[in-house]
Each structure stands twice: as C-alpha cells, then as structure tokens.
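Visitor: Grabbed the feature section from Swiss-Prot, which reads as follows:
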type: DOMAIN; residues: 11-282; note: domain 'F-BAR'
type: COILED; residues: 25-274; note: coiled coil
type: MOD_RES; residues: Lys53; note: N6-acetyllysine
type: COMPBIAS; residues: 163-176; note: compositional bias 'Basic and acidic residues'
type: REGION; residues: 163-183; note: region 'Disordered'
type: MOD_RES; residues: Ser273; note: phosphoserine
type: MOD_RES; residues: Ser315; note: phosphoserine
type: REGION; residues: 316-429; note: region 'Disordered'
type: COMPBIAS; residues: 329-364; note: compositional bias 'Polar residues'
type: MOD_RES; residues: Ser375; note: phosphoserine
type: COMPBIAS; residues: 386-396; note: compositional bias 'Polar residues'
type: MOD_RES; residues: Ser401; note: phosphoserine
type: COMPBIAS; residues: 406-418; note: compositional bias 'Polar residues'
type: MOD_RES; residues: Ser448; note: phosphoserine
Amino acid sequence: MSVTYDDSVGVEVSSDSFWEVGNYKRTVKRIDDGHRLCGDLMNCLHERARIEKAYAQQLTEWARRWRQLVEKGPQYGTVEKAWMAVMSEAERVSELHLEVKASLMNEDFEKIKNWQKEAFHKQMMGGFKETKEAEDGFRKAQKPWAKKLKEVDAAKKAHHTACKEEKLAVSREANSKADPSLNPEQLKKLQDKIEKCKQDVLKTKDKYEKALKELDQTTPQYMENMEQVFEQCQQFEEKRLRFFREVLLEVQKHLDLSNVASYKGIYRELEQSIKAADAVEDLRWFRANHGPGMAMNWPQFEDEEWSADLNRTLSRREKKKAADGVTLTGINQTGDQSGQNKPSSNLSVPSNPAQSTQLQSSYNPFEDEDDTGSSVSEKEDIKAKNVSSYEKTQNYPADWSDDESNNPFSSTDANGDSNPFDEDTTSGTEVRVRALYDYEGQEHDELSFKAGDELTKIEDEDEQGWCKGRLDSGQVGLYPANYVEAIQ
C-alpha cells in the first residue's frame with residue numbers, strides 16, 4: 001500500500017483500492033475462506049441433523065409415555081381413540097424427522113464434503129494449491145508495476161525534499177537581509193544556496209515526472225494481468241457460490257415436510273380420527289358396560305345350599321389349568337329330570353402319582369351322555385371334591401343316613417382316610433409356607449398374597465391342587481398349592 005504526503009495537511013492518506021500493492025490478498029484469502037465456509041456449512045447441517053434426531057426421540061418418548069397414561073387412565077370410547085391418534089401422529093412425524101436427519105447427513109453433508117475435497121487440494125507444506133496459484137499469479141502480475149511505483153515514490157520523496165530545502169533557503173535569505181550584522185559574503189552564500197535548491201527542485205521534478213510516465217506506461221499491462229488472475233479467482237468462487245446455492249435448495253427440500261405426501265396424510269388421518277369421536281356413542285357404551293344397561297344376576301330361589309358350594313368349586317376348578325390330569329365334563333343333575341341333559345362344563349383334576357390305576361367308568365355323570373345313560377364305577381383312591389347332583393338325587397333305603405358306615409359313597413383308601421367328599425377334613429398339622437408368586441383371589445373364599453409373603457397351611461393339598469391356609473391377619477381361605485413352598 002503506497003503512502004502520499006500532503007505538505008499542506010501533513011498527514012498520511014492511504015488507499016484501499018484493489019490496485020494498490022498487496023491489496024490482492026483479500027481475493028486470495030477468499031479462496032481459504034471458501035474452504036472454511038464448506039466446513040461451516042457441514043457443521044451447520046450436522047447440528048440441524050442432531051436437532052432433528054433429538055426432536056424425533058422426544059416425540060417418540062412423549063407418545064410412548066402418554067399412550068400408556070391414556071390406556072391406564074379413565075378415558076374411554078371414541079374420544080380415547082381420538083386422543084391416541086395424537087400419539088400416533090407424533091410417532092409418524094418422528095419417523096419423518098429421522099428421515100430428514102438421514103437426508104441431511106447422508107446426502108447434503110456428504111455432498112459438501114466430497115465437493116470440498118475435489119475443489120481444494122492441500123499441499124505438503126500447508127495451505128491449498130489453489131491459494132498458492134492465485135498468490136503467485138497476482139504477485140507476478142504486480143511485480144513490474146510495483147517496481148516502477150517504488151521508483152515513483154522515491155522520486156516523489158526526493159522532489160518534495162528539494163522543494164522544502166528551497167523554501168527554507170528563501171526564508172533564511174529574507175531573514176538575513178533584515179540583519180545588519182550579516183556581512184555580504186554570508187549573504188552571497190545564502191543566495192547561492194537558493195540557486196542550488198532551485199536546480200535540485202527542477203532536477204527532482206524531471207526525475208519524478210519521468211518515473212510517473214514510465215509507471216503510466218506499465219499500468220495498462222499491469223491492470224490486464226491483474227484482471228486476468230482476478231477473473232480466475234472469480235470463476236473459482238462462482239463455482240463455490242453456485243454449489244452452495246444448489247446444496248441449500250436440496251436442504252430446503254429435505255426440511256420442507258409440507259411437500260411430503262405422507263406428512264399431509266398424517267394430519268388428514270388425525271383430523272378424521274378426531275372428528276370420528278362421538279360423545280353420544282361413548283355415553284351409550286358407558287351405560288351398557290358400567291351403568292344401568294349392565295346385566296344383573298338377580299337373586300333367585302335356590303333349592304339346596306350345597307349347590308352353591310358345588311358351583312363355587314367347579315368355577316375354581318375351571319380356572320385351574322393343569323399340565324396333566326383327568327378332565328371331567330358334562331356334569332348332569334339327575335333325579336326327577338334324569339332324562340334331561342344339562343349344559344356341560346369342564347373340570348380339570350390333577351392326576352395323583354400315588355394312584356396306580358385310572359378312572360374307569362361304565363356310567364359317569366361327568367361325561368356328556370345320550371338319553372340311554374350307563375352305570376358308574378370309581379377307583380377307590382379317586383377323591384372327588386364335590387358330589388354330583390346325580391348321587392344327591394338317588395333313592396336310598398329308609399335307614400340311610402350320613403353315617404359313614406351306611407354311606408354307599410364312603411370309601412377308605414390304603415391309609416385309612418375318611419370320606420373323600422367331606423370338605424371339613426383337616427390334615428391335622430399346621431405348616432408355615434412362603435409365597436413363590438403373586439396370587440389374587442378370584443372368589444370370596446380364596447386368599448390373596450404377594451410373592452415373599454408368609455402364611456400358615458392348615459390343610460394339605462386336595463385332588464384339585466388347592467390348600468387351605470390362614471394369613472397372618474387371621475383370614476382363612478384357599479390358595480393354589482404350587483404357589484407356595486414350605487419354610488425350612
């Protein structure tokens with residue numbers, strides 16, 4: 001950058017023109033800036049991709065949490081479905097934002113990275129080849145002109161110095177004329193000094209003008225050479241600018257979900273789901289399932305009390321699913337209506353390893369039978385929990401009673417056990433046991449407990465796999481035998 005001197009002002013005035021020596025460096029720096037801008041754009045897209053991913057994850061987590069809350073909450077019916085549709089929208093939008101993230105990183109980011117690698121070539125000594133070529137081109141184009149400019153600056157400085165000396169000499173001569181003590185010889189020297197300064201001024205002026213003329217002659221070529229190198233830099237920068245514009249348009253397409261058909265479909269479906277909510281239908285559903293529209297098992301006359309116990313036992317047996325055992329079906333109540341078949345029910349009875357033979361039946365009241373019927377023969381070791389209505393309605397002699405000696409259904413096993421149909425029989429020994437699993441009583445005579453709870457077994461396991469026990473609270477009831485273990 002050249003500097004001019006103004007005698008009247010006495011300050012330096014600098015020029016910021018491209019044509020000044022060294023001012024081409026801004027154009028060269030633009031090449032390095034282009035490489036840095038590629039990195040900045042990649043970082044920009046990378047951060048946006050991270051935001052898209054984080055937003056997608058937050059949407060998914062939000063949808064998951066609120067789906068569970070709504071499912072477990074009191075909302076019901078079509079409004080619940082409409083509410084759930086909002087969570088479905090979030091999940092689907094989350095997928096779209098993950099696609100945006102993938103597009104930004106896999107397409108746009110990689111595209112910039114590859115272009116940067118192809119456009120800028122690093123050198124072994126540092127910097128880029130393109131930067132060095134531009135630097136060398138400008139330096140070569142500017143070198144002759146810069147040399148002439150240096151000569152002009154030197155000539156200008158010499159001329160300005162000569163002019164100052166001339167003015168100083170003239171001022172001294174004028175002052176000496178007013179001094180009477182100055183002899184003529186000294187005055188003559190001052191006049192000679194003025195003459196010499198005038199000659200120096202003329203000489204430096206000619207040299208200054210000559211240097212300027214030579215500089216002017218080299219300026220056109222200098223401008224042409226500098227323009228040529230500058231245009232090369234412009235072409236390189238134009239490629240970068242056009243590439244950035246192209247990439248940013250691709251980014252816009254990836255970010256603009258409003259043009260994605262599936263995105264529009266998400267909100268169309270959401271609107272339809274919400275509009276499908278029907279308050280009247282929900283109220284009708286609640287009335288039918290939780291209100292006056294529910295069915296009711298109104299109390300009716302019951303013939304005998306033991307029938308309720310039989311139904312309770314059968315209900316509990318139906319709930320138990322044993323891996324092995326004998327399945328009894330078709331419990332028929334007989335008597336005056338022995339010729340009519342009642343609806344059959346399944347009863348699963350676990351097999352007992354101690355039993356050496358299986359149930360043999362010629363007439364089984366627990367099997368679905370035709371109108372002809374057949375006789376029944378039971379193995380002595382089979383202990384049925386309940387007596388079917390068939391046995392209850394048989395005609396017995398007048399002297400028949402509940403006494404075991406006269407009870408035709410009374411049998412004694414090898415160990416001398418008493419009547420297997422007597423539910424009040426106890427094992428005699430109380431044992432402390434610990435629950436292995438959680439169990440929630442399904443009927444009023446069943447116990448409920450959690451895994452790890454301790455209770456007291458007061459009756460051994462029956463043929464259906466149930467034990468009678470007592471909780472520490474004092475409640476007595478039945479529980480599955482395989483849900484506990486004895487405390488050692």
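Cβ atoms are placed via backbone N, Cα and C, with glycine included.
Quick one: how deep are these features, and who are their neighbours?
Guide: The Cβ of Lys53 (N6-acetyllysine) lies under 8 Å from the Cβ of His97, Leu98, Lys101, each on the same chain and at least six residues away in sequence.
Long-range neighbours of the compositional bias 'Basic and acidic residues' (163-176) within the same chain, counting only residues 6 or more positions beyond its ends whose Cβ lies under 8 Å from a Cβ of the stretch, are 7, 182, 186-187, 190-191, 193-194, 197-198, 200-201.
In the three-state DSSP classification, Ser273 (phosphoserine) falls within a helix. When other Cβ atoms within 10 Å of the Cβ of Ser273 (phosphoserine) are tallied across all protein chains shown, the result is 18.
Ser448 (phosphoserine) falls outside any helix or strand according to DSSP and counts as coil. Of all Cβ atoms in the shown protein chains, 14 besides its own fall within 10 Å of the Cβ of Ser448 (phosphoserine).
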Visitor: Give me the Cα-Cα distance between Ser273 (phosphoserine) and Ser448 (phosphoserine), rounded to a whole Å.
Guide: 42
Visitor: Run through the compositional bias 'Basic and acidic residues' (163-176) and tell me, per DSSP, how many residues are helix, strand and coil.
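Guide: For that range the per-state counts are 14 helix, 0 strand, 0 coil.
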